[in-house]
Amino acid sequence: MPDYRSRTTTHGRNMAGARGLWRATGVKDEDFGKPIIAIANSFTQFVPGHVHLKDLGQLVAGEIEKAGGIAKEFNTIAVDDGIAMGHDGMLYSLPSRELIADSVEYMVNAHCADALVCISNCDKITPGMLMAALRLNIPTIFVSGGPMEAGKAQVGGKTLALDLVDAMVAAADDRVSAEDVAVIERSACPTCGSCSGMFTANSMNCLTEALGLSLPGNGSVLATHADRRRLFVEAGHLIVDLARRYYEQNDGSVLPRAIASFKAFENAMTLDIAMGGSTNTVLHLLAAAHEAGVPFMMADIDRLSRGVPCLCKVAPAKNDVHMEDVHRAGGIMAILGELDRAGLLHADLPTVHSSSLGEALMRWDIRRSNSEMVQTFYKAAPGNVPTTQAFSQEKRYEALDLDRETGVIRDQAHAFSQDGGLAVLFGNLAEEGSIVKTAGVDESILTFAGPARVFESQDSAVEAILAGRIVAGDVVVIRYEGPRGGPGMQEMLYPTSYLKSKGLGKACALITDGRFSGGTSGLSIGHVSPEAAEGGMIALVEEGDRIEIDIKTRSLILAVPEAELARRRGVMEAKGANAFKPRERQRQVSTALRAYAAFTTSAARGAVRDLDQKPRF
């Protein structure tokens, strides 16, 4: 039976100094021997998805102490990808994931905490904390801040449901008046919470439900709704129970690595494909699996993507559907329920809250459950009042969305498509793979070919798009924006949004070794691996080269003779130290970013660090 980790600092004569310091934090004689639960909060006033978290750590702490534990809270950093977007601030977004993971590890291991509650929400915070939880492998529960309400506004005589991307697209569209842009801007992000569509933050919070590491509703109940408070209260009690089961009953089934098994990662990816989640989830699931020692690879994602239907389309894939609508249709448990009925789910896996996912579905899938509490829970509605306060309203829909033929969530027979919402493309331009969010691609361009328009940075591509130098039929190629080449693998939301603004969203393709925001739609192919800075084929593309894309056959081809490509590679390699570097790019790269670039790996590996590539380590 394992000892409580905290005994290292709380027991024995030689720990008198440590106990003295614990006492200075409020620990009393009778507390020594109780499990010490770390609360990793991520409150910041920079990020709307985290601005309401300040008091929620102490809410959880109070429940932990009621349950017989000792709660100790600390904070991590949190980058707002929307605010960091479109300038060099985006270089720091993906690297912040590793910094968050490390900071959680540092705090938990330095102070010998016994268990962990992760209060996350936005794009890199949930993945970073997930990586840390799997690295530490102590009892852990995730509870996120919850989604933002969708904006509502009268524009052009119509009532529109809005989000961040609508504001970006409208601002770059000359056909939209300044007055309408101002209305959209003021209405797009009305409350606290993670941006209201199926963007990266909400996608990852949904996936924690499928992995089994968070409570039902974690991914979908609104940040503003009073029902979300219950998740924080339950998390406080449950984490103490999990700690006791592990340390006092030797029950290793409650540990993150026991729960987040290979099959659990398959469940998470199956959900992601079915709901058309952000392409960034691929990067983060690969990284989390790496931390867990689970051999979940790009090939597994490719395999799953070929057999899972698209059961749910949410903004940006469907502009009038947001997370509040997904919740009304039964949330993530409803999507998992449809996948289970289709025979596409491993329902026998444990979760932090139930002996098996199947048992949880019997209670929480609204098509199976007769529980009045569950039915009421999924009727939680937006308050439609701008606020930065959590749990500030209690509105409910009169009825649930149970329509599985034409509703927000479909059954397999009435799927949006039998091909899922994400696909992995391979070919000579992406030998290790690339990712496209097929849920956001119009059917008319599932097969596409055109001349390459090559750019060495996101900035130069944006300039060309806004100047009207990109025309229908072009394939925009943005390279040297991968994990190492950026460094930091910037998101390309501005280029894709501006293509839509110019009426080219269904007439052009964009290919990059960078990545895309969860808000991206259109024929946007990211994570091209190997990246340009690693000598990938994307570095050899020249202006006007024909590029052929076929989502149905999962192919991405640079239609240039092999002999010519070999010649180009020889010319590039002859540059020596200057080979596989951007020709002209004005970019200040800090010491912190250079250190990140030195250790990061391909997007096909989740852009995790590889210390083995540096012999001195």
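Yeah, the Cβs are placed from backbone N, Cα and C, and that goes for glycine too.
Note that the structure is predicted; figures quoted are calculated from it, not measured.
According to Swiss-Prot, the features are:
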BINDING   Asp81, Asp123, Lys124, Glu491  Mg(2+) binding site
BINDING   Cys122, Cys195  [2Fe-2S] cluster binding site
MOD_RES   Lys124  N6-carboxylysine
ACT_SITE  Ser517  active site, proton acceptor
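Cα-Cα distances to Glu491 (Mg(2+) binding site) place Ser517 within 10 Å, out of the recorded positions Cys122, Cys195, Ser517. Each residue contributes its Cα atom, and for Ser517 (active site, proton acceptor) and Asp81 (Mg(2+) binding site) those atoms are 8 Å apart. Take the CB of Glu491 (Mg(2+) binding site) and look out to 10 A: across all protein chains shown you find 32 other CB atoms. Neighbour density at the Cβ, taken as the number of other Cβ atoms within 10 Å, is lowest among the binding-site residues Asp81, Asp123 for Asp81. Counting in whole angstrom, Cys195 ([2Fe-2S] cluster binding site) lies 10 from Asp123 (Mg(2+) binding site) by their C-alpha atoms. Taken residue by residue with DSSP, Asp81 (Mg(2+) binding site) is part of a helix. Under the DSSP three-state reduction, Asp123 (Mg(2+) binding site) is assigned to coil, being neither helix nor strand. Same-chain residues that are not part of Asp81, Asp123, Lys124, Glu491 yet have a Cβ within 8 Å of the Cβ center of the Mg(2+) site turn out to be Val79, Ala84, Met90, Ser93, Leu94, Cys122, Thr200, Ala201, Asn280, Ser517.
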